[in-house]
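Undergrad: Before I ask anything, let me first share the structure, which is written out below as structure tokens.
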Amino acid sequence: MEDVMFEQLMYVLNQLVTWITAGAMVFGGVVPYIPQYRDIRQTQKAEGFSTYVCLVLLVANILRILFRFGRYFETPLLWQSIVMIATMLIMLNLCTNVRVATELQTKRRSFTDFEWSHFWSWSRFVDYMQCVVVFTLLVAYITYLLLDSSVFVETLGFLAVFTEAMLGTPQLYCNYWNKSTEGMSIKMVMMWTSGDTFKTAYFLLTEAPVQFWTCGLLQVGVDITILFQVYYYSRYPQKPVSHSASHTTSTKAL
């Protein structure tokens, strides 16, 4: 009788841990953006946050969802992608509204202008949505045609996680160009680091495809480099970049 109760207790505890871990995977990735979102809303300044971070995560998670059609992976990872896509669209909407409200330039830039120099620095949120929809439909169609090719499926999976692994590089470059981490939420980067470490360990424990944990390790390395920038630029302040140059860079490199 005691053995049966013990087994039932262990089963309940195991299920509880599984649910908590799955919940952390699904929602843990969006937590770092909460302080950044609040900072942008309070200061009405978005220059310190790279919107190219949103681009990287949108591309990575769209590719990951399509990858699942060719190779199964854990359901929490699927939901994580869906939640992350929604979060990045919310961040884009905020940054676009703030930038347009504070921008002196009167000319409006749109996705349908097809000007590469203005790519991902459009004036309306709807233009970003158009770009995301076009990209999704195009890649979905290619995936549908090549779904039977194992080489294509594995390459798609690699591109998904490798793109996500490059998440911090726009912010890394933006900090380097500005010679400062001012305007960037340090809490966000610390949460990136802890979240990516947890995520990589989850990939290893659940025996996820090799692309997942390999690129997870790379992502942790990028996070640590950004934290080093925080330390370096606070201890050794650099000559500030002019406002106009900084603004141009932030719209391109973020």
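The backbone N, Cα and C atoms fix where each Cβ goes, and this holds for glycine too.
Positions annotated as transmembrane segment by TrEMBL: 12-34, 46-67, 79-100, 125-147, 210-233.
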Undergrad: Which one of these stretches, 79-100, 125-147, 210-233, has the most C-beta pairs shorter than 8 Å to the transmembrane segment (12-34)?
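TA: By the under-8 Å Cβ criterion, the transmembrane segment (12-34) pairs most with 79-100.
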Undergrad: For the transmembrane segment (46-67), what are the same-chain contacts with Cβ under 8 Å, counting residues 6+ beyond its ends?
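TA: Here the qualifying positions are 36, 39-40, 73, 77-78, 80-82, 84-85, 88-89, 91-92, 94-95, 98-99, 120-121, 132, 135-136, 139-140, 143, 153, 156-157, 159-161, 163-164, 166-171, 174, 181-185, 246-247, 250-254.
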